[in-house]
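Pulled from TrEMBL:
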- 1-26: region 'Disordered' (REGION)
- 15-26: compositional bias 'Polar residues' (COMPBIAS)
- 36-63: transmembrane segment (TRANSMEM)
- 75-94: transmembrane segment (TRANSMEM)
- 106-124: transmembrane segment (TRANSMEM)
- 136-156: transmembrane segment (TRANSMEM)
- 163-183: transmembrane segment (TRANSMEM)
- 195-216: transmembrane segment (TRANSMEM)
- 270-302: region 'Disordered' (REGION)
- 501-524: transmembrane segment (TRANSMEM)
- 501-721: domain 'Major facilitator superfamily (MFS) profile' (DOMAIN)
- 536-555: transmembrane segment (TRANSMEM)
- 567-590: transmembrane segment (TRANSMEM)
- 596-616: transmembrane segment (TRANSMEM)
- 628-650: transmembrane segment (TRANSMEM)
- 662-682: transmembrane segment (TRANSMEM)
Amino acid sequence: MTTEFEKKKQRHASGESTISTDSVSNYIPTPPDGGYGWIIVLASFINHVIVDGISYTFGVFYIEFLKYFKEGKGRTALVGSLLCGVYLMTGPIAGALTNKYGCRPICMVGGVITACAFVLSTFSNNITMLTLTYGVMGGFGFGLVYLPSVISVSFYFEKKRALATGIAVCGAGVGCFMFAPIGGMLVETFDWKTAMLIIAAVVLVSVLCGLLMVPLEPPKHRRKPRAKNVLDRFLERCRRSTASRRHDSISSNAAYKVQMVQQVKLAREQRLRNDDSESEMGSMPIAPHRVDWSEPATNGDIGKATTLPRIVVGGDTVVEPEAEDAGISVSPSKERVANTAPVRYALPSHMVAEMMNGGDSAHLNRSLPNVLANGVTSLGDSDGPDPNDVIKSRSTNELGANGVHKHEHEHLHHRRPKGILKEDYARPLYRKDIFYSGSVMHITEFRSQPDVRSYVRSITSIPRDNEPEQESIIWRCLRVPKVAKHVLQDMLDLSLFKNPIFIVVCLGNVFGMIGMYVPFVYLADKAMTMGVSEPRAVFLLSVIGITNTLGRVVAGGLSDFKWVNTLLVHNIAVVCAGAVCILNMFAGTYPLMCVFAASFGLCIATYISLTSIILCEMIGIDKLTNAFGLLAMARGVSVIAGPPIAGIVYDATKNYDDSFHVGGVMLIVAGVMFCLLHLPYFQRLKHQSEQNMPYSVEPTTESLLASGDEKFVVGNGAVAV
């Protein structure tokens, strides 16, 4: 039979607290907005250079793959599109693993997987094996590197998140600028297999960057020591006197005990002088001897340093303790201290008798601390109210509906629900704004909180475990850790498709991503068909990278201004990107092709960098993680389909202009769909969602418990079950 001690031991081993008053705030990390966070930004920047740089410059290896495998353009383009598409579709899986194990190990594992995939791709004898190794396996590894790089920056920054995220994602443009000429030089100097081995070695740098992603720990709060009462101070003096027995002549503790014994002896001598005989003295009953803990000693400087008790022999005078000590057993509040009766202490009668009869002072010194440690008898008196009566007589307006004092009721809001581990509050994917890349200063939830710590607590949401019979058969068959299952269920929650706004956003991204990757794959090859040398053709991808970097900085800066309509800027950028692709048919010279590349890179950067801000504005931060997961899956499918479709068009027409027209039309259709969000119908839906946000009104404990919410929400200092 399991004992209570064994149950407590098991709860401690599992990480579950056995104390009901644990404060939730002690477990939630507060972003430092700097410090080591800039190292995280550097690591994320380098990972973006590697992941997006290699993905965007597939066009360099695409030319070599066409020559080596002699397959069609659409079939060969599928290799690169799978690399980009799979790493986007890996988002939910990478998020679940990151929430379970943290950013550091997942990023490191992703770097190793990608490096191994690139090495294995050099053994490919056909395009199918290359597709599985370079495309699928490499894309999965890149997904494990990319998502922790995004999450880690958001986890370390709040107020400066826009700046930190902007610096990190600029690595995508820098990578495109760097890897295009580097890849071209490697392919020209060696064959594609040797170049791929060198690229695999470069990918291992992401393992070192992952090693720098130290998890953010919650602040370590030292518990404030309990205020010392008079007994604590007395015991402390006794311990000091034992340690400094040699210096008892100058020790206040020793002086205290000497004075106490002297007062007892003086009282005994006085009584001996007043009595006729010693026998009469011995026949007298021993009265309770009370200790006065408040009156300071007047013997020299001792009274200045300490407060010494006084033994009152036989009289009715009882001296009250200090006000702050009298009310300790009831409450630390001043009001209750003022209404609390003085507490009186009495020494046991056998000790008093021993003092009166001149007992050994050393024995008294040894026994007195033990008596005080075991408790001193409190003397009742009819003059003062009982402390329990004081507690019962509190006014009803100080008590809650359930009989809990209002100050204690506030602490109940901070208590950690059972079944949730302390580590759960520090998991990154339980933060609702973890995928938000803009400035949190513009978020309603942030402005409604007094400080960053309160804001972080308000957006921390831990889902509740469903009963086994309530879960689908898929989750019951899969043994997925609950913290990973929470993320997968949140990011893949299809109920978001009931929201018309998200349907429009999702369809717009499906069309937009089909056309976005077409120039990245085919621009260099198109330039070579026009007679441009291979190094100059590859440099066009570097031009896209340069303006892509500038576009991310400009778009991020514009989004910080309240007067800027980010949705309008986003839509204009998407439509312009499509128009540029269609007008590419008039770029018959190399300078015009450079202009096309620069314009396209600038527009695409604006489109990508404003996505999370648009989602937060239109759908709300509460559904941001869900929207990000579904959108990543939709984008991944579109990226996989886009370049092969354009390649099939070229194989049918033998003209790259038609392929670019397909990409341009898709981007324009996406821009038109995004423009639908400006219609009054969608704007009303947006305002309705803002008015129904759970942060607009501070919830009470009763309303939270009555609502039956499916999540533990740590909002405004409250925990809703």
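For all residues, glycine too, the Cβ spot is worked out from N, Cα and C.
Automatic prediction, not curation, is the source of TrEMBL annotations.
Keep in mind that what you see is a predicted model, and the values were worked out from it rather than measured.
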By a Cβ-Cβ criterion of under 8 Å, what residues six or more beyond either terminus of the transmembrane segment (195-216) are in contact with it?
29, 31-32, 36, 39-40, 42-44, 46-47, 50-51, 54, 61, 102-108, 110-112, 114-116, 118-119, 121-122, 134, 145, 148-149, 152, 155-156, 183, 186-187, 189, 426
List, by number or range, the same-chain residues at least 6 past the transmembrane segment (536-555) whose CB is under 8 A from its CB atoms?
53, 56-57, 59-60, 166, 169-170, 172-178, 180-181, 183-184, 519-520, 523-525, 527-528, 569, 573, 590, 593-594, 597-606, 608-610
Before we move on, state whether the transmembrane segment (596-616) and the transmembrane segment (136-156) share at least 3 Cβ pairs under 8 Å, counting only pairs 6 or more apart in sequence.
no
With Cβ distances under 8 Å as the criterion, find the stretch in 36-63, 75-94, 106-124, 501-524, 662-682 that has the most pairs with the transmembrane segment (163-183).
36-63
Overall pLDDT of the domain 'Major facilitator superfamily (MFS) profile' (501-721), taken as the mean:
84
Which of 36-63, 106-124, 662-682 has the most Cβ pairs closer than 8 Å to the transmembrane segment (75-94)?
36-63
Contact call for the transmembrane segment (36-63) and the transmembrane segment (628-650): at least 3 Cβ pairs under 8 Å, seq gap 6+:
no
Are there residues at least six beyond either end of the transmembrane segment (628-650) with Cβ under 8 Å to its Cβ atoms? List them, or say none.
72-78, 80-82, 84-92, 95, 435, 490-494, 496-497, 502, 505-506, 509-518, 521-522, 611-612, 615, 656, 658-660, 662-663, 666
